[in-house]
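Below is one structure, written out as structure tokens; comments come after it.
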Amino acid sequence: MSPKISLTRYLVEQQRIDGHIPPELRLLIEVVARACKSISQAVNKGALGDVMGSAGSENVQGEIQKKLDIIANEVLIEANEWGGHLAAMASEEMDDIYVVPNRYPQGEYLLMFDPLDGSSNIDVNVSIGTIFSVLKKSEDDRGVEESDFLQAGNQQVAAGYCVYGPQTTLVLTVGDGVAMFTLDREQGSFVLTEENVTIPDDTQEFAINMSNMRHWDEPVKRYINECLEGKDGPRGKDFNMRWIASMVADVHRILCRGGVFLYPWDKREPEKAGKLRLMYEANPMSWLIEQAGGAATNGKQRILDIQPTKLHERVSVILGSKNEVERLTAYHSGL
């Protein structure tokens, strides 16, 4: 039997062999992973840990916060603020950036996260997760500002998520492919379970909230209608629909077996480019998908090339198997 490779060993070997992971970045990723283990424990306790239900507050997007949203946010901040790897953090659950306090050493990295994606699923025991993205701070000596975070997704140096489901699985990229690690609860560490994850170019599964179909743009309606027509329509094959209402869970399925995920613009809020957050959700997930051989777009532009203008910017998201994403891009171009 081959020996188990822990996350720490994997990162050290990547650092040693490929040079993709500087020591400070390796330590930062390990701290994020430890925070995810703590969040996993809180999620697993459920009603026994008094973590279910609403916290009675709203986040910056005006969404009702769950107790676990706040707990996960605090866990990530407390785990990362003192290590000396970070200059600042930004969270979907916080209005402004969180600068590392002066009592702790400051590092060269910026951490962004959605502490608990899919939190509407908490009370019904469906998979949820943590999404994170790491950027490098500019090298000047001035203090950290919000503008330091406003980098295109192609500037990320690490990205990943941790899905809390039947197993707790950490999925990571540092720009050299995608690796998956499963939490060994007896050992207390993440163990490498899959390397060089690859998404098939073609698929027969799509993930979208069909109840919103009447609000979509015509290119998305056209694509979904063709999928629904199945083998009798222009696609010549049947499709299945999947929708978990947790981006982490839907993207994890796509990384495991292919598919296409859509959260498109809709006309109910025409002034907003989309629903999902560019910096906390779309960028890290798009990089993971691309690193696995897939593609990600807002319909008109590669997501990783979008230059953000504000911290909580929203975006339309289409990602997954390459040929399906390219078809959708062509439809948006009028082809």
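Note: Cβ is positioned from N, Cα and C throughout, glycine not excepted.
Other C-beta atoms found within 10 angstroms of the C-beta of Glu92 (Mg(2+) 1 binding site) number 23, with every protein chain shown included. Per Swiss-Prot, the feature Mg(2+) 1 binding site maps to Glu92, Asp114, Leu116; the stated evidence is sequence analysis.
Glu281 (Mg(2+) 2 binding site): 26 other CB atoms within 10 A of its CB, across all protein chains. Residues annotated as Mg(2+) 2 binding site in Swiss-Prot, with sequence analysis given as evidence: Asp114, Asp117, Glu281.
In the three-state DSSP classification, Asp117 (Mg(2+) 2 binding site) falls within a strand. A simple way to gauge crowding: the CB of Asp117 (Mg(2+) 2 binding site) has 28 other CB atoms within 10 angstroms, across all the protein chains here. As annotated by Swiss-Prot, substrate binding site applies to Asp117, Gly118, Ser119, Ser120, Asn209, Lys275, with the evidence given as sequence analysis.
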Exercise for review: Give the helix, strand or coil assignment DSSP yields for Asn209 (substrate binding site).
Suggested key: coil
**Study point:** Length of the line joining the Cα atoms of Leu116 (Mg(2+) 1 binding site) and Asn209 (substrate binding site), in Å
**Key:** 20
Check your understanding: Looking only at DSSP and grouping its letters into three states, which state does Glu281 (Mg(2+) 2 binding site) belong to?
Key -> helix
**Study point:** Cα-Cα distance maximum in Å, computed over every pair in Asp117, Gly118, Ser119, Ser120, Asn209, Lys275 that the record assigns to substrate
**Key:** 16
Review point. Looking at the binding-site residues Ser119, Ser120, Lys275, Glu281, which ones sit with their CA no more than 10 Å from the CA of Glu92 (Mg(2+) 1 binding site)?
Key: Glu281
**Study point:** Shell of the Mg(2+) 1 site beyond Glu92, Asp114, Leu116, same chain only (C-beta within 8 angstroms of their C-beta centre)
**Key:** Asp69, Ala72, Asn73, Ser91, Glu93, Phe113, Pro115, Asp117, Ser119, Thr130, Ile131, Tyr280, Glu281
